[in-house]
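Inspection log for the structure reproduced underneath, given as C-alpha cells.
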Amino acid sequence: MEALWGLLAEIADWRLADTLRRSSVVYPLVNAAHIFSIGILVGAIVTLDLRVLGLFRTYPIEALAPPLSQMAMAGVLLAGASGFLLFTVRPTEYAQNPAFLIKLGLVALGVANALLLRASRHWLVVLRGGERHALVTASVSLSLAVWASAVVAGRWIGFLQ
C-alpha cells in the first residue's frame, strides 16, 4: 500500500499535473474534453442499447451498430485519457474518494460487459437482424444501468471532496 501512495505522490509531482493545477485555461479545456467524451460515449451506448431493446425500429441495427460502437470506443478512450489528466491534479485525494472508486468500478464493468457482449454469438445474431436472446437483453439492460450509474458517480465525486 505504501508503494501505491508513493506512486500517487509522484504523479502529483509531474510537470503536467502542475500545469493543470496552475492553468486557468488548460484545466477547463481538459475538463470540457472529459465531459464531451462522456457525452459521446453515453450517447452512443444509450442509442445502441435502446435500439437493441426495440426502440428506433425504423433504423436497421446492422447500419447503426458499427458506427455507434466506434463512437462509444472513441468516447471511452478520450474519457479515459482526459480523466487520467484530471486525476493527476489530485491523485491521492481521488484515490480516497468513494465516488471516484465506484465510478472506476462501474466504468470497468461497463467496458467488460460491452466486450463480453460483442464477443458472444448472440450479438452476431442481433447484428444480422435475428432474434434477440435473453442474454443480449440482460446485457444491454445492465449496460444502461451501469453507464447511468457511472455518470451519477462521476458527478458525486465533487460532492465528497
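Positions of Cβ are set from backbone N, Cα and C atoms, glycine also.
Annotated features in TrEMBL:
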- 25-48: transmembrane segment (TRANSMEM)
- 68-88: transmembrane segment (TRANSMEM)
- 100-119: transmembrane segment (TRANSMEM)
- 134-157: transmembrane segment (TRANSMEM)
Review point. Against which stretches of its own chain does the transmembrane segment (134-157) lie, if we need a Cβ under 8 Å and a gap of at least six residues from its ends?
Key: 38, 41-42, 45-46, 48-50, 52-53, 94, 97, 99-100, 102-103, 106-107, 109-110, 113-114, 116-117, 120, 122-123, 126
Revision key, fill the gap. Other same-chain positions with a Cβ less than 8 Å from the transmembrane segment (25-48) and lying at least 6 residues past its termini are 19, 56, 64-65, 68-69, 71-72, 74-76, 78-79, 82-83, 85-86, 89, 110, 114, 140, 143-144, 147-148, 151, 154
